[in-house]
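Asker: This is the structure I want to talk about, given as structure tokens.
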Amino acid sequence: MTMKPIVVAVVFDNPLAQSFDYLWNIEKLGALPEIGQMVEAPLGRAMGVGIVIKVSDHSDYEINKLKQIERLGPLPPLDTALLRLMNFASQYYIHALGETILPSIPKMWKKPDDWEKIPKKLEAARRKVAATSRAKEGFISKEQLNAEQKKALLALVGNEDNERQFRAILLQGQTGSGKTAVFLNWLADVLSDPQAQVLILVPEINLTPQLERRVMAYFPDKVMSVLHSGVSENKRGVAWFDAMSGKAQIILGTRLAALTPIPNLRAIVVDEEHDPSYKQQEGTRYSARDLAIWRAHDQAIPILLASATPSLETWMAAQSGRYEYIRLDQRAQGASLPKVNLINTRDPQHQFSPGDVGATKEKNVISKTLFKAITRNLAAKKQCLILINRRGYAPVLSCTACNWLSRCTHCTAYMVLHKAGAISKRSVLSCHHCGLVKNIPTHCPECGNADLKMLGQGTQKIEDAIEQMWPEANILRVDTDSSRSSKGVEALFQEIHNGNVDIVVGTQMIAKGHDYQNIGLVAVLDVDGRLYSADFRAAERLFAQLVQVAGRAGRSNTDGQASGDIYIETQYPEAAVFQYLLQHDVDGFLTHTAQERGEAKLPPYTYQALVHAEARSLDKAIEFLSALKGRLKDQGLMAKDLKIHDPVPKTMMRVAGSERAQLVIESANRKILQKTLEIIDQQLRQESTGRISKASRIRWLIERDPIAI
Ligand SMILES: Nc1ncnc2c1ncn2[C@@H]1O[C@H](COP(=O)(O)OP(=O)(O)OP(=O)(O)O)[C@@H](O)[C@H]1O
Ligand SMILES: [Zn+2]
């Protein structure tokens, strides 16, 4: 009797929808195959690292022509719950299974040449970890929680009935209301089971060190895995392995951590759940928050979504009772919310006149009203935070004679002027989209005129102006440029916390999550561009950001003083965003936004997807999408529940030399949308190599639930 062959199906990190069959030789490999096992196998002319997704005794191909699995990876198999999540992500986001799973595994595990060295690496990493200190930073015990927090905790903590059930809970709390203290106490309860593991997601790398320290203060004896792109490859490899092997009880990270294998997962927290950084913008374009919710549902565990400004989707789910709803309406340290001041920049009373105290030669960099407010705040020994969402000195250089503008030759964007010391030792023009850097021309490249003018303002220019206005003040600029050139962004934040800085000028990096204790004034400059943007989510985002940044002011109430101010310079103080902000009325703003979306039939009242097309020329990309739309129409797919818009150029039409268009597909019915996307994917794949069409060389991609249209 001949033995039946063992055939395994393996997926690799490539856009091919199908898997590959291999023979499994038990003698050679020394083990039985398991689903989720990492293997090395011949792929084309080279070797590839893949994951076994199926084990059987037959193949659709000729068995004796199948190649053999070469080697086993030094990892236990990925657990079945994780594989279910990967399968879901791959289907929902229309991305091949292999290119969904493999990028989520740290590189350290995907280099077969190094597989033998792995045990040594793990050992070395263990020796290092022991040395970290564990301060009691920000520990608030159950007993120290205020009444409102205690009530929230009580509502969160599971009972015998719902402990092993899916629960989605929105914790909506004012900035500084002590949400973190509530959810860490909740997790302490979950983690009293020494087997249990919990996952905490944060939107930004910058916020992890602070939360990391706070988590450590709560759980000094537990192993924590920190996973984000700022952690070195080897460290991340070890942390990921600790999560997978159940050793780490706390897994803390940014969106990529949502795909970590966590066999004993018992609870998930998504902090600042509204944050757009949870959406992955390349590869499998998943939303880490949405995947986390799916995962909680699949594993029958609770998930807590925390925010001061919940996303409309989450807020509506809580309003309708689909999610549990817990609120914190007071600030934890007794302070009230900062006062909102709108400065109408069209009103001359706010502007400097020549000869005014504080007037600089650069007119109107900031208004006179703001100048006075900052002066008062400095005199009161409080710190100021100035938010301007643009790094560099000036967003564009122009010629006063012929109107030449510093356009990037590869992108639909202007090259930004950076003064010396920002991204280079010299002053340069730089494109923030493709990275092109050029010398600053001394004469206009078009007409030769020597009188070139800088238009607009960025962080560097504000920093300059502030230095002139308050020569005695310590000023710190925080943006991606300054965080790269100094000791890293953590050191910059530490300077602020230590009180060594009087005025901070920064981009949105400074706006979020940080628990500063001595900010008396927050100023927001140049927001108007974001009020009337083509993106229907722009107002929602701006509102969330303003609430967040306002929330950095007046957090502690040690001196019994009023709790800080936020000043916003705008030409449109009457805009809804500002009017609701004036009242700190998050629910009012969301109600208003929900109504607008409902009327316009936009998400969350409908579901959207995009087909992206990228080509050498825009015409070709549009043509490709038009043909696709035509075909769908001919096939009778444009049912009454499905809307396929006409293809349009993207807002950023040209990036790094390619031109880009998109097709928006919409339906109020998720299933119909999903079905349609699957059909599109199948059809496009038939005529493509990977995701590049054979005939026209168009690169295409399907994106589900886009967050920018
Ligand atoms: N019960 C409490 N008593 C005293 N201080 C508290 C209490 N709870 C929280 N705090 C402190 O109040 C500050 C704000 O708390 P926390 O950071 O948890 O708020 P948050 O709601 O997460 O804030 P944000 O959304 O603004 O980031 C922290 O410094 C925290 O240590
Ligand atoms: Zn460019």
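Placed from the backbone N, Cα and C atoms, the Cβ positions cover glycine too.
If you look up TrEMBL, you'll see C399, C402, C444, C447 marked as Zn(2+) 1 binding site. The feature Zn(2+) 2 binding site is assigned by TrEMBL to C408, C411, C431, C434. Annotation comment: TrEMBL describes 160-328 as domain 'Helicase ATP-binding'. Residues or ranges marked as domain 'Helicase C-terminal' by TrEMBL: 423-597.
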Asker: Let me know how many other Cβ atoms fall within 10 Å of the Cβ of C444 (Zn(2+) 1 binding site).
Answerer: 19
Asker: Distance check, please: Cα of C444 (Zn(2+) 1 binding site) against Cα of C408 (Zn(2+) 2 binding site), rounded to an integer number of angstrom.
Answerer: 15
Asker: Of all the binding-site residues given, C411, C434, which has the fewest Cβ neighbours within 10 Å once its own Cβ is left out?
Answerer: C434
Asker: Report the residues of the chain - excluding C408, C411, C431, C434 - with C-beta within 8 Å of the mean position of the site's C-beta atoms, for the recorded Zn(2+) 2 site, in sequence order.
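Answerer: Other same-chain residues near the Zn(2+) 2 site: T409, H410, A413, M415, H432, H433, G435, L436, V655, A656.
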Asker: Quick test of your reading of the structure: among the binding-site residues C399, C402, C431, C444, C447, whose CB sits under 6 A from ligand 2?
Answerer: C431
Asker: Out of C399, C402, C447, which of these binding-site residues is nearest C431 (Zn(2+) 2 binding site) by C-alpha distance?
Answerer: C399
Asker: Quick check on the binding-site residues: of C399, C431, C447, whose CB has the lowest count of neighbouring CB atoms inside 10 Å?
Answerer: C447
Asker: How many other Cβ atoms are found within 10 Å of the Cβ atom of C408 (Zn(2+) 2 binding site), counting all protein chains shown?
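Answerer: Around the Cβ of C408 (Zn(2+) 2 binding site), 23 other Cβ atoms lie within 10 Å.
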Asker: Nearest to C434 (Zn(2+) 2 binding site) by Cα, among C399, C402, C447 (binding-site residues)?
Answerer: C399
Asker: Apart from C399, C402, C444, C447, which residues in this chain have a Cβ no more than 8 Å from the mean position of the Cβ atoms of those residues at the Zn(2+) 1 site?
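Answerer: So the extra residues in range turn out to be T400, A401, N403, W404, P445, E446, G448, N449.
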Asker: Around the Cβ of C402 (Zn(2+) 1 binding site), how many other Cβ atoms lie within 10 Å? Please give the count over every shown protein chain.
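Answerer: There are 13 such Cβ atoms around C402 (Zn(2+) 1 binding site).
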Asker: Consider the binding-site residues C399, C402, C447 and say which one has the Cα lying nearest the Cα of C408 (Zn(2+) 2 binding site).
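Answerer: Comparing Cα positions, the closest of these binding-site residues turns out to be C399.
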Asker: Rounded to a whole number, how many Å is the Cα of C399 (Zn(2+) 1 binding site) away from the Cα of C411 (Zn(2+) 2 binding site)?
Answerer: 20
Asker: If you average pLDDT over the domain 'Helicase ATP-binding' (160-328), what do you get?
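Answerer: Mean pLDDT across the domain 'Helicase ATP-binding' (160-328) comes out at 93.
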Asker: Using the alpha carbons only, what distance in Å do you get between C447 (Zn(2+) 1 binding site) and C411 (Zn(2+) 2 binding site) once rounded?
Answerer: 22
Asker: Taking only the Cα atoms, work out how far C402 (Zn(2+) 1 binding site) lies from C411 (Zn(2+) 2 binding site), in Å, as a whole number.
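Answerer: Answer for this pair: 21 Å between alpha carbons.
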